[in-house]
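Contents: one structure, followed by commentary.
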Amino acid sequence: MNLLLPVLATLIWAASTVVNRLSVGVIDPAAISFYRWLTALLVLSPVLLPRVWRLRRQIRPYLAKLWLLGLLGMSLYQSLAYFAAHTVSATSMGLILATMPLLTVLLAFPVLNTRPTTTLLVGALVSFAGLAWLLAAGDLSSLWQHGVGQGELMMLAASLSYALYCVLVKRWQIPLPTWESLYVQIICGTLLLVPPFVLAPSIALTAKNIPLVLFAGLFASALAPGLWMRGLQTLGAEKTAVLMNLVPLFTAVLAIVLLGETLHLYHAVGGGLILLGIGLAQWKPARVLARAAT
């Protein structure tokens, strides 16, 4: 059961990537971004709003940081993914998002003053080689000639935004309960999404897009984080982090089954290199593990 909960969270997040593609032509990206977090906010408010109100004096000194976290982790990250979905397949989106753990580690060097290991640097090179192969669709000469597509750039920016979010959470160590901190970030992120929502050409909710909004708001934004946090508590951070590698695999399967996408050879090669690189980056020699246990 301890393993099942975080695995279920990764499955929900993979399905959320498929929802990104399903939303194309059904609802404006700015609209679903806003509705998603508004839904999560409404669902969580009965439990968390009273707690946050009681902690309002402790929260006030950290509001600027919480606003920035809301921008990076809620507003930018998911909005960019919804816009990118117009030109990028769900399979490719999942594989690009798989670089987030590696980007997080790389950003930790300057922000957290950590020291890179040899295996981490080798893993980074392998992963970025896989990413280049994926972005080039197996033809590196075309990547050199035409560059990276706008949608792919948006997905890379989304990955970088969330990676920076994770590093800042670690650096700042805001002394607030996890759920209360997350709730305030959701409030900030939702408010930041109001201007693009108001400017969107269409914000109508219909029978076709309401299920997508509900899945994104209820399952991907409210339920999955809870399952993941439970996994962190029971399995530990390192074991749980490895499970994040399931997201691109689940995404590819769901995209093939639900969207009829085709898994190309460049997906397999690029995705395999990305995951291999992440595995190398996360690998620790036995002597390091033994030292940590003593």
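Cβ coordinates come from backbone N, Cα and C, glycine included.
Those TrEMBL annotations? Automatic predictions, nothing curated.
The annotation domain 'EamA' is assigned in TrEMBL to 4-135, 151-280. According to TrEMBL, the feature transmembrane segment maps to 37-54, 66-85, 91-112, 119-138, 153-170, 182-204, 210-229, 241-259, 265-283.
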Recorded stretch, among 91-112, 153-170, 241-259, 265-283, maximising Cβ pairs under 8 Å relative to the transmembrane segment (66-85): 153-170
Per-residue pLDDT averaged over the domain 'EamA' (151-280), given as an integer: 88
Positions on the same chain near the transmembrane segment (153-170), where near means CB under 8 A and six or more residues out: 65, 68-69, 72-73, 76-78, 80-81, 83-84, 88, 92-93, 96-97, 99-100, 103-104, 106-108, 111-112
Among the ranges 37-54, 91-112, 119-138, 182-204, 210-229, the one whose Cβ pairs under 8 Å to the transmembrane segment (265-283) are most numerous: 119-138
Per Cβ pairs under 8 Å, the stretch of 37-54, 119-138, 241-259 packing most closely against the transmembrane segment (91-112): 241-259
Stretch among 37-54, 119-138, 210-229, 241-259 sharing the most Cβ pairs under 8 Å with the transmembrane segment (182-204): 37-54
Within-chain partners of the transmembrane segment (37-54) [C-beta distance under 8 Å, separation at least 6 from its ends]: 74, 78, 177, 179-180, 183-184, 186-187, 189-190, 193, 213-214, 216-218, 221-222
